[in-house]
Amino acid sequence: MTEDKTCKVRVTFAIILLGVVLMFTAVVTDHWAVLSPKVEEYNATCEAAHFGLWRLCIKRIFMKENETDKDKGCGPISLPGEHNCSYFTHFVSGESTEIFEVSTQREYSISAAAIAIFSVGFSIIGTILVLLSFRKKKDYLLRPAAMFYTFSGLCIIVSVEVMRQSVKRMIDSDYTVWIEYYYSWSFACACTSFVLLFLCGVALLLISLPRMPQNPWESCMDAEPEH
């Protein structure tokens, strides 16, 4: 590769690594969505929840009169309170967790986690290929690496959409107590990682392609040879 092309590849790879870090952060953290039940009375404890792909965290918050608005549900989640996290039982024992007691919601949860694992796997393979292309001077490895990063981005956004549908069904369900929800920073990390992985994956693919003929008398054979 020419020096200019090498520089472009390294800059694109650096941005991709940022996307990979954000994707890993989203997958392993528990702040995809925050759920709040209706508050029946002040000066009592209520339970708000936040969860990710693997764990559910319940926070018991004491709702004081004149300091919180019970019409907006329990919370905000940033208020102090007893905090308890546990892995979804359908990952540990195959049973349904209370928050996912409706079977379709449980299936959404498992699907989102499985698709996210594919995203992690694709990003790892892509990174290995890029590092091999740098070390072994095999530029052709950049093309499959770019495709793996693109697939990784697509998988994480599919996981995001599955999670979004799961939250929507929980709010609409008659079997749950949740009335308010919002998506938190883990969800934002997943969305941002999709943008970086998908766009930079496509950019890396375009950068790694051989130079196209610029004049009618040139052919692809005149392009710079690859190692």
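Any Cβ shown, glycine's included, is placed from N, Cα and C.
Residues or ranges marked as transmembrane segment by TrEMBL: 12-34 (among others).
Residues or ranges marked as transmembrane segment by TrEMBL: 110-134 (among others). Long-range contacts of the transmembrane segment (110-134) within the same chain, counting only residues at least 6 positions beyond its ends with a Cβ under 8 Å from a Cβ of the stretch, are 13, 16-17, 20, 23-24, 26-27, 53-54, 90-91, 140-142, 144-149, 151-153, 155-156, 158-159, 162-163, 166, 197, 201.
Using a Cβ-Cβ cut-off under 8 Å and counting only residues 6 or more beyond its ends in the same chain, the transmembrane segment (146-163) has close neighbours at 16, 19-20, 23, 26, 32-33, 53, 108, 111-113, 115-116, 118-120, 122-123, 125-126, 129, 187, 190-191, 193-202, 204-205, 208. What TrEMBL lists as transmembrane segment is 146-163 (among others).
Look at TrEMBL and you will find 183-207 (among others) tagged as transmembrane segment.
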